[in-house]
Every structure is written in structure tokens, then in C-alpha cells.
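Database features (TrEMBL):
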DOMAIN    46-343  domain 'Aminotransferase class V'
MOD_RES   K190  N6-(pyridoxal phosphate)lysine
BINDING   R354  substrate binding site
Amino acid sequence: MSYRDLNPSLRTIMTPGPVETEPRVLRALSTPTCRTIRPRTMEMLRKLFQTENKWAFPVDGTSRAGLEAVLCSIIEQGDVVLVPIYGRFGHLLTEIAQRYGAEVVNMETSWGQVFDPAEVIQEIERVKPKIVAMVHGETSTGCMQPLKEIGEACREKDILFVVDAVASIGGVDVRVDEWKIDACIGGTQKCLSAPSGMAPITFNSRVEALLLQRKNIEQGLAEQKASEAVRSRIIRSNYFDLSQLMDYWSPTRLNHHTEATSMLYALRESLRIVLEEGLEERFARHRFHERALVKGLQAMGLELYGDSRSKLPVVTCISIPEGIDGESVRSMLLRDFEIEIASSFGPLKGKIWRIGAMGFSCRKKNILSVLAALEAVLVRHGAKINPSKGVQAALDVYQEIA
Ligand SMILES: *Cc1c(COP(=O)(O)O)cnc(C)c1O
């Protein structure tokens, strides 16, 4: 009995993650595993997060491993956590926080919109949480929440501000220090264009102080008979205990779990690519291709979904035209053009398509291909669009710099 070789098609991936892997990252993945490269990787991560924090390292596991590591390490039984929700991933933050014993207070805005920071600050004043946890770029709705004012308000009131920047990091400006973010979680398979399997995080000395307090309690338990209340302060997870991961990532390199060396090589190479390109240049590239894509879609006669003032540059959501079967369009794109775009979840299921233009997937060939293919497929489905206008409008944008 023999098993066939893996032979995946080289499809064009225009989803909001996972995206096409950088060829250099694929090569790095096949490097023989021996040398560890931790200090330099931490240095590059600090630059990615635009922070002077001592701690910046990846957590092994997909992005939600990073969310879980941060939340489980700072949440103690009964802590009040405010999670403003404007899409699917706000619900994930809520769920994780609840599992670790938090009393979560939610506020919601309609999907396709973000919060007015003043509204969140008002709720912070009312709820007086220990932690505020928020998503920066909501891939489910294609929206991006302004964070600076909320971060400043949290710092002023000594509240910890935790941000899910999984979808935005490396594609959009994320200023951890300037926006007073205490802990920030990124992702590898989105704008960094590495495979999934690691979650880069960073946190500051305010978070570190809390972690060390909880670690001391744990160490003290062996010697004294601690009360139930004290005992309950121990971090609930071993794998995700950031105080242990700090030792693991410190110069003493205390062993915690086996290093995911190949993934570390992949992450390191993706960071090298980001820093070689330059953060500003990279953000500008994402905005530029976004403009070509949006102009193309609009010229085709399609309507974008969501409030354009708070659009996440790396994800573009399109309202599915009346009478068109969104899933049939997606499967024809995949079958005949080998191009993958995404649908959405919950209340938006069947209502929108989502096109990601992230990292290595964010390039001219992909933007023009997705526009051309979408035009053809929509004509095939009998949609009333302006055929051939979309690609031309995008080409106009590209010719501006030719
Ligand atoms: C993709 C994504 C996640 C979850 O990432 P996984 O790697 O699937 O665990 C979390 N938050 C946001 C905003 C995302 O876009």
C-alpha cells in the first residue's frame, strides 16, 4: 500500500488568512534544526510591535494561543474584564476570559462599525474593569478600531489594556508604546505571511509585575499552607504561563517546552522580510494595493460592506449582490481560476465576501487576478455588473506609479 505525494495546487490565496507563504519563509522552514536564534528574533519582534518592551517573543500555537497565554496569565478569579465587541473575535476574547474566571462585561456595536473611543471610555468609567481587551483589526467585518485614546484612558486609570492585533500586525500601523497597549498579540499567517503555528506577543513591565507576583505565590505555596484565596491566584495553565515563558525566553533559557525550532526559523525569516521592506513602506504598500482593489470593485459596480471610515486596509468586504449565490461564486473562483476568497460568519454569513490582501498575497498580480476572475464569474452568474471596468480601474491606479 502506498500513499500519494502531497500535491496541492498553487492557488492564489486572497482570504484574510492564512495567506500565501513567502518563498523565503518556505526555504527557512527546511533549514536543519540546530542553532537557536532567540535574542535576535526578540529584537526584531520589538521593532515589529514598535515597542521598547523587554518582553517580545512568540507563543507556540496559533494566534489564539497568544490570546489565551496573555489572558490566562493576567486574569484572576472574579476579575472584571471589559470586552467591546464589533465582530467575531471580540466573542473569542470574551470566551477565553470567561473560561479563566473573569466577570466579563461586553458592549456591542453593530457589525460593520467600530466604537467611538469616547463611548468605550465612558463604559470604562462605569464598569471600572481591571482589564480592557479589544480587537484592533476585525477580520470578520473588515473594520479597524482606533485604539490610542482608549489606551491612554486605561493607563490613566491603571487598567491593563490588551489588544488582539493578529490581523493587523505587519500590514497596518500598530504602535504598542504610543497607544499605551500593555499586552499585544500578533499572528504569523496573516500579514507576516508565515505558516500558522506561532503567536508573537509583547507585554510591558506593568504586566510583568503582575506575573511576578503570581509566580511568587506559586513558589511560596510549597512552604506555607496557603489559604484558598491565595491559592486561587496561581496561573491556571502550565503551557501558557507567561511567567514560565519569560524564563524560557530569558538569557538563562530555562527549559519549559521543546522549542518549535522550524517555526522559529520561519518567523525569523518573515520578520527579516518585514524589516528589510521597512514598516512604513510595508504599510504604504498595503494601502496602495487596497486602493487598486477598492477602485476596481467599485468600478465593477459592487458595493463595499461596512463603514468606509473605519475600514481595515488589509481586508475588503463586499456585499453580495441581490439574487447571487455567494458560495457558488466562491466555488467557481476556486475551481476555474484557483483563486480563494472568503465568506463570513454569524450575521454576515451569505451576505458578504471578504478579500484579504495581506503580506505576500498583497501584490499587483493577485489584485488584478482576483478582479478579473470575479468579473468573469459574476457575468457567468448573471449579475448586473459593469464587465471589464474593474480591471481597468485597478490598472489606472497601478499606472499612476508606472
Ligand atoms: C485569525 C484571527 C485570530 C485567530 O487566529 P488563529 O491563528 O486561528 O488562532 C484571532 N483574532 C483575529 C483578529 C484574527 O484575525
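Just so it is clear, glycine is given a Cβ too, placed from its N, Cα and C backbone atoms.
Automatic prediction, not curation, is the source of TrEMBL annotations.
Because the structure is a prediction, the values reported are computed rather than measured.
In the structure shown, the C-beta of K190 has more C-beta neighbours within 10 angstroms than that of any other entry among the recorded positions K190, R354.
A straight line from the CA of R354 (substrate binding site) to the CA of K190 (N6-(pyridoxal phosphate)lysine) spans 14 Å.
Classification of R354 (substrate binding site) by DSSP places it within a strand.
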